[in-house]
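A.B. asks: Below, the features straight out of TrEMBL:
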DOMAIN    A:5-271  domain 'HpaB/PvcC/4-BUDH N-terminal'
BINDING   A:156, A:157, A:158, A:159, A:193, A:452, A:453, A:454, A:455  FAD binding site
DOMAIN    A:282-477  domain 'HpaB/PvcC/4-BUDH C-terminal'
């Protein structure tokens with residue numbers, strides 16, 4: 001089939017019998033019509049349709065020798081810097097279409113899968129490892145344009161350092177049985193964005209201190225596998241009104257807790273299990289981080305452009321561009337944007353061919369970008385609030401504008417060169433972006449995208465090549481013992 | 001009557017025919033039963049009842065010579081430092097009852113009114129000034145325990161400095177006619193917290209550059225005066241579930257735009273009009289700022305204590321107290337709390353009798369507190385988010401706990417020494433405090449309580465006595481020209 | 001003798017045969033005439049003279065029953081809040097005389113000694129403890145108005161947490177022998193401010209992890225005790241010109257490394273030794289921290305007043321008070337100053353009688369002040385630099401003004417309402433305060449006055465009473481397990 | 001002659017009869033032997049020698065058609081991106097040789113001159129403009145490898161915005177007469193780094209509000225022109241000991257006030273005069289900013305590498321790399337370094353041919369780098385101080401290590417894997433870098449390199465292309481009036 005249409009995406013999703021719990025009830029009926037999911041699903045529909053839009057088709061897809069159908073370009077295994085640029089262009093199109101507000105647009109997981117396939121050789125001939133299952137999934141995903149969710153946070157009864165995390169009753173999802181059909185998994189994962197509303201769920205663990213062998217696995221299974229449950233949080237869709245909630249009505253992605261109730265993972269779906277070394281190697285030596293970061297930073301650049309647009313439009317609407325502190329705040333956003341773009345460019349310019357022949361973006365600039373954005377994004381949202389000031393607080397709704405008080409609103413809320421309606425639309429956008437449950441969840445999401453910020457700093461410090469600088473200082477001082 | 005009961009408060013409110021617009025509809029029926037207002041109104045009910053609670057009655061009320069009924073203590077005109085302490089104790093009770101989350105508990109406006117009455121003599125014998133109307137209102141308010149709203153932000157088509165704000169059609173509320181009955185007001189005010197759900201609305205303007213004489217007025221009128229309209233924003237009540245939305249279900253106060261559609265303000269309700277000098281003098285020389293700041297800082301101290309409790313309970317629940325960065329964040333809250341308390345104490349210790357014989361808290365320490373809290377409060381909320389981390393994102397609801405998946409939740413969300421239910425309750429509180437529409441509105445509200453933070457800094461700089469320090473340096477250097 | 005004169009102070013100091021090393025040479029001749037020390041010693045002379053100045057005598061000294069001579073008031077053991085206020089006034093006089101720039105004015109160590117004597121009972125009847133020696137020293141110090149230095153930092157070959165600090169050869173000063181005459185000490189202490197230029201040196205250790213019993217001692221010995229060596233750092237006196245270096249010419253205090261080369265400490269000088277518990281108890285339960293913090297915060301308040309004076313005088317001189325960012329920076333200093341003052345007031349207002357009958361300032365507000373000043377002071381210095389801007393860089397000297405180019409300077413460096421000479425004097429002060437070796441050492445000194453800032457935050461968090469706040473939140477949520 | 005040797009540079013400098021005032025005296029004798037200048041001059045000698053060093057000769061020089069001698073590469077007018085890379089490599093060599101500590105290495109002014117020559121066509125056929133004089137100077141500079149100083153700050157009696165800066169007696173240097181020989185200049189410039197110790201001084205003004213036509217000039221004249229005086233500040237050379245003052249002994253550049261006492265500037269030296277429009281155009285449209293920024297950012301990157309080396313060596317020496325807050329501080333330096341490098345790379349990657357055929361680095365990324373470094377550099381210095389902590393305060397000197405107390409120092413100051421001497425060397429470097437007069441002047445210098453930081457932010461905001469982002473938001477909201 002190759003690159004899917006939006007319609008095909010929705011139809012396939014509606015046919016799955018995934019067990020999803022929402023506010024105490026099991027979700028029944030077409031998932032694409034459920035108020036908590038419909039906005040997102042229709043936005044994803046439009047993303048898939050972009051692949052077939054004549055304007056974008058060339059940029060969004062590629063041909064594979066011997067295949068008739070064009071394939072979604074997020075599956076492309078890059079071999080040249082030009083391939084990297086093509087990947088970037090494709091991701092920019094999707095990110096622009098959603099203004100960077102969809103954290104898990106399909107290219108994220110597709111890129112992850114592509115990187116897995118491109119590095120599967122790491123697992124070759126190692127115990128309990130099945131690199132061929134990765135390749136098989138990659139091909140199936142490409143052909144069927146499958147959508148994936150991923151879960152990465154394990155429940156923690158106790159976050160103390162000295163707690164080992166072992167307990168008798170499995171709380172974190174772990175292997176409780178192996179039989180001829182496959183692995184049996186019991187336990188939970190805490191946070192899967194779009195969990196339940198994709199075709200499959202890909203499960204693997206970030207290595208950590210006291211890494212339990214029973215948790216050192218990776219696999220992908222259909223969302224409607226028996227025993228698999230997705231427990232949703234409350235919905236952050238403000239309403240279906242695009243006037244009132246321009247972002248949450250379209251981009252609220254839902255997060256869920258994933259419960260494995262003795263779920264059977266067939267052998268052909270297992271990538272590896274019970275091999276701590278392989279699990280660590282696979283994450284650290286594969287191109288996963290390079291390509292995941294590459295996708296994320298591209299999206300964050302687009303999001304920052306959007307933030308800049310909102311900020312500047314607010315400034316123009318209430319006519320405050322002459323104020324020095326406003327200029328300073330806007331220049332802070334500009335600095336953030338240019339910095340992210342420069343780091344992204346550098347990761348591509350310094351890209352190198354890895355040992356399996358794929359062109360891997362340089363990781364250090366991406367890691368730097370991934371370390372600073374979690375601090376920049378909340379600050380950008382604060383800047384939006386500081387520009388909007390008390391104007392963010394009492395905003396009328398779409399219905400107010402359709403009621404007899406419309407004329408009062410038109411008069412009292414007009415701006416220098418904007419109607420009251422346009423002004424309110426803009427402020428509602430600013431509110432949805434920074435002060436609604438959708439907006440604050442986005443802040444928390446960007447803050448923790450790559451995990452604990454303190455650990456990110458620490459990793460960067462450890463990974464960074466510092467010796468040359470140290471040597472130069474030692475030589476300058478003629479130190480003896482270095 | 002004197003200090004009112006909660007029941008009396010509700011009955012009187014329900015009898016008013018105030019014109020309130022909510023989401024395009026005129027509010028009909030008992031206001032105390034409307035979903036957008038009932039939580040707040042019932043919380044206020046419990047505040048008024050506290051005045052009659054045997055435990056608090058002594059602290060919350062006082063006797064006036066020749067009066068049988070006890071009066072609400074927020075009306076007490078303090079003449080000694082002990083009176084100030086009594087006022088503080090009373091305000092702490094009300095603030096504790098609402099954890100500092102109700103910005104406009106009755107003591108705020110009552111204190112304002114008390115300060116107006118205590119300084120009314122400023123207006124004596126000045127053109128278009130009626131100090132006796134202030135005294136009359138003060139007495140009536142005391143006797144009937146009236147509730148008030150206040151509006152302080154004027155619509156601004158244009159916030160540029162060089163814009164004079166004059167326009168033909170009145171946009172900001174202004175006097176459009178004077179006749180034998182009183183003043184006629186037309187135009188709007190942008191933000192009245194609890195506007196429409198109090199007995200009266202007190203209207204006056206903070207002096208500013210290019211202060212239009214037509215806007216230099218002050219008066220108080222019943223909320224259901226003809227031609228007066230309150231246009232509400234959307235409601236930030238998350239739901240009526242105290243489990244799901246422990247704060248917004250109780251404390252969401254609503255903000256509204258106030259429209260004056262040729263409203264007649266009878267002469268006996270007018271404090272002053274068309275006298276820019278008197279308006280400026282009245283605000284700057286009366287004890288208004290001293291007592292308003294005093295009430296606000298007391299509330300903010302209580303709120304900070306609450307924040308500290310939430311933060312520490314989160315730390316204990318997920319067992320992270322050993323982490324240095326967590327200790328540093330908590331100590332930041334502690335420093336903020338102790339600083340606010342020390343400044344409040346100092347304002348009372350340095351209080352002085354003013355020219356009309358009332359004990360006025362020292363303004364400088366209060367001004368400092370009022371300048372730093374707008375920066376501290378958003379940071380405290382950020383700290384709560386940083387402690388809660390990814391745990392803030394996918395929280396189940398009350399109904400989830402009442403459904404078949406309860407056992408999953410109990411198992412996978414348990415904490416070190418807390419049940420899953422208690423853990424979720426706590427995290428939902430943290431979410432409602434910092435990430436819900438209610439929580440983010442609170443952040444914006446505290447940030448702008450006393451107006452533009454940049455102007456606050458500037459005012460503090462200008463008002464602060466610096467000369468002695470300058471002289472000491474000049475003498476140290478033996479400078480010639482000072 | 002009681003309160004000493006400046007002359008007596010200098011004479012006694014010059015008679016000591018203290019072994020001081022400076023830039024590779026043993027210091028010979030009168031210490032009060034050595035270029036590295038004379039400025040400081042003459043400033044201290046003027047401090048002692050203040051005790052006899054008719055204007056200050058009453059404030060600076062007190063009478064003891066049965067004593068003719070008045071005693072320096074820093075030795076007063078306070079029993080009432082009024083006593084605390086007297087102590088504060090006395091310390092303010094001394095601090096004002098030196099603009100808070102002398103970190104170790106005599107009242108610091110005098111207060112420490114007073115607190116030791118007031119809490120000596122803690123050591124009663126404990127092994128290897130001699131509270132009577134503390135009392136004896138206190139009385140001798142009072143009668144002779146002795147001056148003291150103190151050393152508090154131990155050498156550390158290795159600051160890693162897992163390093164235990166034990167080594168065969170004593171590096172940190174420790175007891176290497178006990179004999180009938182006393183203890184023999186060998187090893188070093190890293191930093192004694194004014195080390196060698198006081199009558200005595202008081203030695204004790206702040207308890208810490210892995211506290212070696214051999215280091216759990218406290219004693220005081222004359223600076224010229226045999227085997228005691230003081231190794232000075234380079235001098236930060238810029239020159240003797242008060243025009244060029246108004247601060248360092250007067251207040252540079254010198255720091256030294258203290259080497260104990262088998263120094264015999266006679267038994268009557270020992271307070272305690274080889275008793276880890278007693279050492280810990282003595283520091284934590286005595287009033288030492290309360291009174292040490294009290295003195296320090298008083299000095300820091302005076303220093304902040306000086307900073308404010310310098311900042312405002314710069315602003316006036318270059319006429320930039322209209323700039324919003326300048327107003328904001330000045331208000332930052334004002335906020336810091338008022339906060340420190342409020343915390344200081346609160347520590348006195350909340351003072352309580354301790355178990356031995358002395359009025360002890362409340363420690364929490366002082367601890368808060370001591371935690372924030374290390375961050376505020378460097379920022380204040382940065383603000384001075386930001387106001388001075390490029391004007392801080394090319395400043396002429398006193399000799400330039402005495403040379404033929406004086407007229408060029410007078411013309412080209414004049415300010416709005418200041419002569420060039422006054423302008424240069426002021427900028428040189430700002431430079432000496434923030435950019436000279438003296439100024440940057442002051443920054444580092446204030447930053448680390450009470451030790452590692454991260455540990456200070458951590459201590460504050462641990463010491464602070466948080467339970468009441470936690471309980472209120474628990475009750476609000478009706479949590480089960482608290 | 002082409003690229004000069006160090007010896008030739010010194011000889012030529014010593015032959016000039018420049019009028020330099022230092023601490024009230026006119027400097028006599030060989031300038032290269034004066035204690036205030038010798039360190040710098042010998043460092044510059046070594047920079048010029050690098051041009052002839054076989055290892056660097058190829059990188060540091062280039063050939064011009066028809067010229068035998070190779071020319072210093074900073075004079076190369078780049079026509080391709082490869083030329084830009086060559087320029088960068090050359091500048092990196094010089095910057096590395098001085099660890100980025102010499103703000104005015106010869107490439108800075110050479111690049112400025114090259115950019116002037118490359119854009120001189122802007123001045124063609126304009127009144128009072130002489131582009132041919134620029135070209136002539138450029139050629140002479142290239143052939144003789146001349147060294148230049150520049151002055152850019154005008155004296156300001158009054159920095160208030162509303163002060164026009166006009167006065168009768170010229171204070172800022174201005175044209176007071178025109179005659180057949182040239183312009184006569186009277187007045188002063190406030191800050192010329194290396195003023196008096198270069199061959200020539202290039203004078204031009206940054207356009208500003210109320211730009212006086214009498215100040216709208218540009219020219220270059222020999223430093224020893226009659227009537228020209230350089231008044232130095234005090235010297236920041238700590239001593240000649242490289243052990244004690246490893247940086248200031250080598251890199252202290254000296255700043256001076258430049259006085260024009262009716263200085264005749266011959267016509268053939270004048271670039272333009274009395275033409276405000278041409279002066280503004282020339283600075284804003286020429287490639288001056290692009291090439292000046294390019295040189296500066298290259299140097300700052302090298303300096304940041306040096307900072308990183310110092311920081312990491314300190315961390316290793318006192319063995320604190322395990323601490324999370326240390327890792328975070330180091331990662332802050334790493335982030336700064338990588339960001340600066342990425343922006344520099346981007347400016348080269350996005351370079352474009354200008355209208356006169358020269359390859360101009362993209363200005364936006366350079367402007368961003370130039371806006372953030374003034375904030376990063378002081379923070380890096382603070383980080384160095386925070387790592388060094390109390391260890392920065394009492395450091396022995398070279399002479400201490402040559403004296404009898406050497407053995408004490410060796411024992412008590414040893415580090416984990418460093419001798420005491422090496423440890424002290426390193427800490428003295430850290431002190432000279434961040435706490436000496438040299439170090440603090442560097443902080444102020446980097447902070448104000450491109451002028452007032454607030455204006456830099458404002459310029460960036462104004463120059464940045466924001467419209468596309470605004471349009472996307474407008475379209476997203478279907479706003480009517482954009």
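Each residue, glycine too, has its Cβ placed from N, Cα and C.
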A.B. asks: Please report the number of other Cβ atoms within 10 Å of the Cβ of residue A:455 (FAD binding site).
C.D. replies: 13
A.B. asks: State the count of C-beta atoms found within 10 angstroms of the C-beta of residue A:453 (FAD binding site), not counting that atom itself.
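C.D. replies: Within a 10 Å radius of the Cβ of residue A:453 (FAD binding site) lie 20 other Cβ atoms.
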A.B. asks: Which value does the mean pLDDT take for the domain 'HpaB/PvcC/4-BUDH C-terminal' (A:282-477) in this predicted structure?
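C.D. replies: Value for the domain 'HpaB/PvcC/4-BUDH C-terminal' (A:282-477), mean pLDDT as a whole number: 96.
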A.B. asks: What three-state class does DSSP give residue A:453 (FAD binding site)?
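C.D. replies: DSSP assigns residue A:453 (FAD binding site) to helix.
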A.B. asks: Using a 10 Å cut-off on Cβ-Cβ distances across all protein chains shown, tell me which of the binding-site residues (A:156, A:193) has the largest neighbour count.
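C.D. replies: Buried the deepest by this measure is A:193.
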A.B. asks: So, three-state DSSP: helix, strand or coil for residue A:156 (FAD binding site)?
C.D. replies: coil
A.B. asks: Give the helix, strand or coil assignment DSSP yields for residue A:193 (FAD binding site).
C.D. replies: strand
